[in-house]
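S.K.: Take this structure, written in structure tokens, and hold onto it; I'll ask about it next.
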Ligand SMILES: Nc1c(NC[C@H](O)[C@H](O)[C@H](O)CO)[nH]c(=O)[nH]c1=O
Ligand SMILES: CC(=O)[C@@H](O)COP(=O)(O)O
């Protein structure tokens, strides 16, 4: 479904876990800052609306969207955050540079999600025109920053639940007593 058929700012408030204990990093590109500031505003407002304390939000600026990769990596490596929101706006110019920046950022953010344990949310507009960016950063199609903040809350919750489940599994395994290994027999846990 294309963005034109969906308002980026709309979400089911009943489906959002309580985010009061989560901490969020926001890395913002300074290129097209009129747009990225609007995206950041949408993200922060959504986090605050979902009980995230203001002091649980850490914001850093980077020069351009390509630097979101390094900025997000250092954010998650050095700050106690449960998710990172990478905010940028890439607009087609006269050359192929748009293609390389967009592909590079998408791949870089994807790599961070694969290689680290902290979810990094891709809040990067890749538009043909400034009007398209305006429409998606608080305009007629809503705010992609809002969408990204909700995604960040949901992914932080998934990470938390996965960690708890892993701990329970480990506790069960560890509390099941010694592992009895019979010569040639199946490996059995003695309750
Ligand atoms: N043209 C846009 C850029 N270009 C700059 C790059 O992101 C990067 O900062 C530069 O290549 C140095 O590494 N960045 C945007 O965020 N948006 C653009 O439209
Ligand atoms: C995405 C870009 O880097 C692009 O906006 C730069 O413009 P140009 O392709 O005209 O150099």
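Along the chain as shown, the residues are counted starting at 1.
Just so it is clear, glycine is given a Cβ too, placed from its N, Cα and C backbone atoms.
Feature list, courtesy of TrEMBL:
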- 97: active site, proton donor (ACT_SITE)
- 31, 65, 66, 67, 89, 90, 91, 122: 5-amino-6-(D-ribitylamino)uracil binding site (BINDING)
- 94, 95, 136: (2S)-2-hydroxy-3-oxobutyl phosphate binding site (BINDING)
S.K.: Taking every protein chain in this structure into account, which of the recorded positions 97, 136 has the most other Cβ atoms within 10 Å of its Cβ?
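M.R.: Sorting the candidates by Cβ neighbours within 10 Å, the top entry is 136.
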S.K.: Whole-number Å distance between the CA of residue 31 (5-amino-6-(D-ribitylamino)uracil binding site) and the CA of residue 97 (active site, proton donor)?
M.R.: 14
S.K.: In sequence order, which residues at least six apart in the same chain have a CB under 8 Å from the CB of residue 91 (5-amino-6-(D-ribitylamino)uracil binding site)?
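M.R.: 32, 98, 125, 127, 128, 129, 130, 133 - these are the non-local Cβ neighbours of residue 91 (5-amino-6-(D-ribitylamino)uracil binding site), listed in sequence order.
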S.K.: Return only the integer: C-alpha distance in Å from residue 94 ((2S)-2-hydroxy-3-oxobutyl phosphate binding site) to residue 66 (5-amino-6-(D-ribitylamino)uracil binding site).
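M.R.: Pair distance, Cα basis, whole Å: 18 Å.
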S.K.: Please tell me which one of the recorded positions listed here (95, 97, 136) sits closest to residue 89 (5-amino-6-(D-ribitylamino)uracil binding site), measuring Cα to Cα?
M.R.: 136
S.K.: Measuring Cα to Cα, tell me the gap between residue 66 (5-amino-6-(D-ribitylamino)uracil binding site) and residue 136 ((2S)-2-hydroxy-3-oxobutyl phosphate binding site) in whole angstrom.
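M.R.: Just about 20 Å between their Cα atoms.
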S.K.: Which one of these binding-site residues has the most other Cβ atoms within 10 Å of its own Cβ: 89, 90?
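M.R.: For the binding-site residues 89, 90, the Cβ with the most other Cβ atoms within 10 Å is 89.
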S.K.: Using a 10 Å radius around its CB, how many other CB atoms surround residue 67 (5-amino-6-(D-ribitylamino)uracil binding site)?
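M.R.: Within a 10 Å radius of the Cβ of residue 67 (5-amino-6-(D-ribitylamino)uracil binding site) lie 19 other Cβ atoms.
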S.K.: Using a 10 Å radius around each Cβ and counting other Cβ atoms from all shown chains, which of the binding-site residues 65, 94, 95 yields the largest count?
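M.R.: Result for the most crowded candidate: 65.
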S.K.: Of the binding-site residues 65, 67, 122, 136, which one sits closest to the residue listed as 'active site, proton donor' when you measure Cα to Cα?
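M.R.: Nearest candidate: 65.
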